[in-house]
Amino acid sequence: MGTTWRSPGLVRLALCLAGLALSLYALHVKAARARDENYRALCDVGTAISCSRVFSSRWGRGFGLVEHMLGADSVLNQSNSIFGCLFYTLQLLLGCLRGRWASILLVLSSLVSVAGSVYLAWILFFVLYDFCIVCITTYAINVGLMLLSFQKVPEHKTKKH
């Protein structure tokens, strides 16, 4: 049976749009901070609660790994927010497809995002000693998308005459 289009569901749609909005906001904060070091984002509540400090850290690009593995000029050494935008768009598109491969990719991509979230949360708390509201919210969104990806999609029942 081939792949067909369907609604991604309201919960997946809401989570993907929220994740996309937060990723775009993180890009905005990082760009504003690059232009003005004194920029204070809405998510900068105090010295230990500062998303702009986290986004501007070395772990805010390529998960802090790409530069050391592939070099600073690698095309993959992008802001983590770029990867977030791509991930949430992919999740939304895959959520609209009904098919075996779409389901497999949905599960695999959500598992990778949760693994990345655990890694970045560890960096956030134990290396940067910070609390990033935007980051924590995206981690929760990633867990929600992972849980959704494991739910069985109801099949359309054909009417018997």
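From the backbone N, Cα and C atoms, a Cβ is placed for every residue, glycine too.
These numbers come from a predicted model, not from an experiment.
In sequence order, Ala26, Phe55, Trp59, Gly60, Arg61, Gly62, Phe63, Leu120 are the residues of the chain that are 6 or more apart from Asn80 ((S)-warfarin binding site) and have a CB within less than 8 Å of its CB. According to Swiss-Prot, the (S)-warfarin binding site annotation covers Asn80, Tyr139, on the basis of similarity to another entry.
Sequence annotations record features per position, and here Swiss-Prot assigns phylloquinone binding site to Cys135, Tyr139. Mapped onto three states, the DSSP output places Tyr139 ((S)-warfarin binding site) in helix. The Cβ neighbour count for Tyr139 ((S)-warfarin binding site), using a 10 Å radius over every protein chain in view, is 19.
DSSP assigns Cys43 (disulfide bond) to coil in the three-state reduction, placing it in neither a helix nor a strand. Counted within 10 Å of its Cβ, the other Cβ atoms near Cys43 (disulfide bond) come to 21, all protein chains included. If you look up Swiss-Prot, you'll see Cys43-Cys51 (among others) marked as disulfide bond, on the strength of similarity to another entry.
According to Swiss-Prot, the feature disulfide bond maps to Cys132-Cys135 (among others), an assignment based on similarity to another entry. Annotation for Cys135 (phylloquinone binding site): spatial neighbours Cys51, Val54, Leu120, Ala121, Leu124, criterion Cβ-Cβ under 8 Å with sequence separation of six or more.
Sequence annotations record features per position, and here Swiss-Prot assigns topological domain 'Cytoplasmic' to 1-9 (among others) based on similarity to another entry.
Residues or ranges marked as topological domain 'Lumenal' in Swiss-Prot (evidence: similarity to another entry): 30-80. Mean model confidence for the topological domain 'Lumenal' (30-80) is a pLDDT of 90.
As annotated by Swiss-Prot, topological domain 'Cytoplasmic' applies to 96-100 (among others).
The topological domain 'Cytoplasmic' annotation in Swiss-Prot covers 154-161 (among others) and rests on similarity to another entry.
Within the same chain, residues 39, 41, 43, 51-52, 55, 79-82, 84-85, 87-89, 91-92, 95, 134, 137-138, 141-142, 144-145, 148 sit at least 6 positions outside the transmembrane segment (10-29) and bring their C-beta atoms closer than 8 Å to a C-beta of that stretch. Feature annotation from Swiss-Prot assigns transmembrane segment to 10-29 (among others); the stated evidence is similarity to another entry.
Positions annotated as transmembrane segment by Swiss-Prot: 81-95 (among others).
Long-range Cβ contacts of the transmembrane segment (101-128) within its own chain (Cβ-Cβ under 8 Å, at least 6 residues beyond either end) map to 3, 53-54, 57, 59, 63-64, 80, 87, 90-91, 94-95, 135-136, 138-139, 142-143, 145-146, 148-150, 153. What Swiss-Prot records for 101-128 (among others) is transmembrane segment.
The transmembrane segment feature in Swiss-Prot is assigned to 132-153 (among others); the stated evidence is similarity to another entry.
Sequence-distant contacts of Cys132 (disulfide bond), defined by Cβ-Cβ distance under 8 angstroms and a gap of at least six in the same chain, are Cys43, Ile49, Ser50, Cys51, Val54, Phe55, Leu124. With DSSP classes pooled into helix, strand and coil, the tally for the topological domain 'Cytoplasmic' (96-100) is 1 helix, 2 strand, 2 coil.
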